[in-house]
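What TrEMBL says about this protein:
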- 102-131: region 'Disordered' (REGION)
- 413-510: domain 'Transglutaminase-like' (DOMAIN)
- CYS421: active site (ACT_SITE)
- HIS484: active site (ACT_SITE)
- ASP507: active site (ACT_SITE)
- ASN547, ASP549, GLU611, GLU616: Ca(2+) binding site (BINDING)
Amino acid sequence: MKVTCILSLQRAAVHVLLVYYDSSDLITFTDFLLRTNMFRRTYYDRDPYRSNYTRRSYDDSDIRPYSSYGNRYRNSTFNPLYYGYSRRPDYSYPWERDHEWRTRREENRNESREVTRDERDEELREPEKDEEVNKKFHVNKVDLNIKSNTEDHHTDKYMCTKRKKDPDLVIRRGQSFKMTITFDRPYNNDQNEILFTFKTGKSPRPSNKTQAQIIMNENTSSRGEDKKEWFAKLLNKKEKSIEVEITPPCTCVIGEWRFTIQTESKIKEDGDKLILTYKHNEDVIILLNPWCPDDVVYMGIEELLNEYILNESGAIWSGNHRQMGVKPWNFGQFRDGILNTCLHLIRKAYSNTVDPAMSDPIKLARAISKMVNAPDDNGVLIGNWSGDYSGGTPPMKWVGSVAILEEYAKNQGTPVKFGQCWVFSGLTTTVCRAIGLPARSVTNFASAHDTDGSTCIDKAFVRKGEDLEKVDIAGSSDSIWNFHVWNETWMSRPDLGKGYDGWQVIDATPQELSSGVYQCGPAPVAAIKKGEIGRPFDAPFIFAEVNADIVHWEILPNDSWVIIKTDSNDVGKNISTKKPDGKPYNGEASVWRGYGEKYRLDVTSEYKYPEGSLEERLAVQNADNEAKGGRDVFAKGATMDISVEIDEKDGVLVGNDFEVELKLKNIKKKKALRTVKHLQVVVDSVKYTGDGRRNVIKKSFDDIRLDFGEEKTVKFTVKTDEYLDKMYELFGMEIMAYAHIKETDNCYVKTDDYRLRRPDITIEVASKVKVGNPFKVKLSFKNPLPKPLTKCSYLIEGNGIENKANSASDVPAKSEWSIMEELVAETEGEIQINCSFDCEELRDIIGMVSVTAE
């Protein structure tokens with residue numbers, strides 16, 4: 001240890017400062033002056049041992065410790081003014097919390113600190129203290145009672161509150177928390193007064209609710225009358241300590257708040273007071289509070305809160321309306337570092353500032369839908385539906401939000417590659433739950449993508465000989481997705497009046513612009529059901545997703561358009577989310593015809609009235625009127641004399657042949673013969689978004705006679721070598737049947753979605769494991785393809801375990817792949833282990849299992 005004596009002249013007084021530094025931390029004299037704020041007039045009034053104090057007479061509002069170098073978490077710099085390490089530096093861009101987040105040093109905040117506050121007294125000589133300051137009222141210690149406060153506020157699951165050193169206090173607004181303050185002498189009601197100042201953001205001020213001053217109320221039985229104002233009261237006194245209860249308002253801006261404690265004491269008989277300010281070194285993180293009746297996100301039902309706030313694990317439905325699949329998802333909102341990243345994202349939505357809008361859940365939800373995607377503000381995730389995922393991670397490989405958010409943070413806010421709708425939704429659920437906004441991922445099967453605001457989807461066909469051929473409509477990119485995943489957030493809507501509280505739709509998948517950026521919602525589910533698409537925000541687009549009509553047109557040789565038929569019940573099917581049991585998903589990855597239904601909650605009835613009912617048709621008419629569509633939603637097109645049902649065998653594993661079966665029935669109300677002059681069946685490989693059509697096979701059948709009420713079946717087999725090289729990653733297909741009726745010259749069109757099942761990963765692990773002890777996990781599956789799997793990799797993620805991502809060797813044709821991994825449980829409770837396997841030939845191979853950590 002070297003010691004350098006530096007002589008400096010300041011304010012006409014000579015000061016000798018002993019500067020301690022290691023040889024590895026040599027600095028120039030100029031740097032020393034900058035680093036010590038030598039020319040600041042307030043430094044000599046600070047107590048270097050007890051606290052960070054300043055005399056009120058020296059403008060304490062702008063006093064901050066050295067900040068120009070380093071970071072409070074790593075390579076902490078020595079500040080001679082405090083004889084210790086500065087824990088809260090001041091950064092010019094954009095705010096110190098965001099600078100800390102960008103430098104990504106939080107994980108080393110404890111390990112790299114060489115001297116702690118408790119160790120300083122033993123190492124450093126106590127300087128001579130100002131006599132007046134010495135004898136008056138000082139704060140010696142502040143205990144934030146993190147354990148008891150976080151338990152009361154349902155925030156004890158956040159891992160940042162459990163760190164052995166420097167844990168964070170995370171609380172919820174509208175609810176009181178307690179702190180214990182120890183002074184250098186007993187608190188005297190007659191001689192002392194205490195004022196708390198809370199601030200957030202780089203430029204806090206009372207006018208935008210980013211700064212608040214609260215005088216401690218000494219009436220222990222008093223309560224704050226205005227729930228929208230800060231309140232502090234004395235609870236009890238004991239020797240040199242007092243316990244204070246502080247209540248942030250139910251409308252508080254969320255985020256990291258720093259605070260000071262101002263102590264006043266009389267020093268003269270004429271009533272003059274000495275005012276000292278203690279500046280606490282740690283933030284208080286304040287979140288939304290769905291447990292508080294005065295908060296607009298109040299939910300009030302414990303079972304729902306256990307799911308929509310406290311559950312870290314879940315499942316996202318996918319596939320199609322008949323052949324559902326489940327993607328396990330680790331939301332991981334409580335993992336260390338995730339909350340900081342979520343709060344950074346929200347500030348980033350407001351130009352890297354703390355904005356008063358961060359108190360309003362409506363605006364927060366809309367901001368989240370914007371920041372989870374990347375196109376406009378360098379948000380978290382880049383969408384990619386091209387099938388080429390070079391330079392990034394295929395969307396099918398992700399099984400949780402933690403790996404994505406950690407990569408985003410590690411790369412200092414560079415967007416992560418790549419995502420699709422369920423990934424955007426899973427991330428959105430994480431961010432919402434992290435900040436206290438109840439949220440869930442919701443899957444809409446047969447989801448319409450209406451790009452022109454007409455609230456209907458048009459499909460056009462032309463005749464070529466005996467066949468009908470689908471054609472593109474100029475200027476329209478409308479489509480029907482096999483499934484689409486968005487989010488619902490829970491809040492009241494005081495901006496809309498009664499009847500619109502509850503679940504609100506937001507969608508972070510970048511599909512259509514809203515106010516010039518890719519954002520969507522929040523739109524009340526109640527308004528969607530009634531067709532009230534004028535309610536903010538983005539209700540027309542969401543209404544079409546769940547209740548658009550599909551209008552089939554035939555374009556005649558003279559360019560006139562004739563309606564073939566209108567399907568009013570083919571959009572918005574089996575709208576699904578996980579049942580709110582507060583537990584990890586314990587079902588299967590593949591759900592076929594009812595299997596796993598006990599874990600699925602169908603919320604279709606919340607979005608629409610029963611298909612074909614008068615209420616449902618009136619809701620569609622209402623939406624069409626507001627969209628100025630001017631169409632008759634009760635029109636059906638030409639009367640169909642036959643019905644066609646397409647039936648495929650469920651659960652067929654990719655790599656096997658499958659059979660397509662069609663049932664044709666004469667449904668003419670009067671006895672009459674009907675002849676299907678020509679039946680064409682087309683099987684196309686399509687992306688789950690409904691585009692990228694590749695023909696697999698076409699089959700034709702002629703002169704099928706159907707007597708009154710008669711039903712006949714036609715079927716054919718699709719061979720593996722006919723489809724395998726034409727498939728997209730989710731192995732989805734569209735089967736379309738065109739029937740030309742001889743007696744009426746009418747055409748009938750019927751479409752259906754079909755997909756092949758991928759193998760699931762089998763996970764073998766003990767049902768119970770010990771926290772902190774390594775345990776073995778075996779992953780395995782069989783390659784169903786007649787060719788090897790190449791460029792293989794796998795990913796493991798779950799709540800309470802470290803993520804693992806590794807490459808794997810090629811898997812030969814029709815052979816088994818297996819690997820043994822070692823994991824460590826970090827927390828007690830039920831852990832959901834999610835894993836995925838990815839390769840060039842076969843994507844979206846997943847598995848999950850739950851274990852109990854004790």
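Glycine is treated like the rest: Cβ placed from N, Cα and C.
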- Query: Within 10 Å of HIS484 (active site) (Cα-Cα), which of the recorded positions CYS421, ASN547, ASP549, GLU611, GLU616?
  - Reply: CYS421
- Note on the structure: The correct three-state DSSP answer for CYS421 (active site) is helix
- ASP549 (Ca(2+) binding site): secondary structure state under DSSP, collapsed to three categories: strand
- Kindly report the helix/strand/coil residue split of the domain 'Transglutaminase-like' (413-510) according to DSSP, in that order. 15 helix, 47 strand, 36 coil
- Message: Quick check: with ASN547, ASP549, GLU611, GLU616 left out, which same-chain residues have Cβ atoms within 8 Å of the centroid of the Ca(2+) site Cβ atoms?
- Response: SER568, ASN569, VAL571, GLY572, LYS608, TYR609, GLY612, ARG617, ALA619, VAL620
- Item | Cα separation, ASP507 (active site) to ASN547 (Ca(2+) binding site) (Å, whole number) | 17
- Query: Are there any residues in the same chain, six or more apart in sequence, whose C-beta is under 8 angstroms from the C-beta of CYS421 (active site), and if so which?
  - Reply: TRP481, PHE483, HIS484, VAL485, TRP486, THR509
- Rounded distance in angstrom between the Cα atoms of GLU611 (Ca(2+) binding site) and ASP507 (active site): 24
- Inter-residue C-alpha distance, ASP549 (Ca(2+) binding site) and ASP507 (active site) (nearest angstrom): 21
- Item | Between GLU616 (Ca(2+) binding site) and ASP507 (active site), the C-alpha gap once rounded to whole angstrom | 24
- Task: For the recorded positions ASP507, ASP549, GLU611, GLU616, work out the Cβ neighbour count at 10 Å and name the residue with the minimum.
- Result: GLU611
- Query: Around HIS484 (active site), how many other C-beta atoms are within 10 angstroms of its C-beta?
  - Reply: 26
- Message: Could you tell me the mean pLDDT the prediction assigns to the domain 'Transglutaminase-like' (413-510)?
- Response: 94
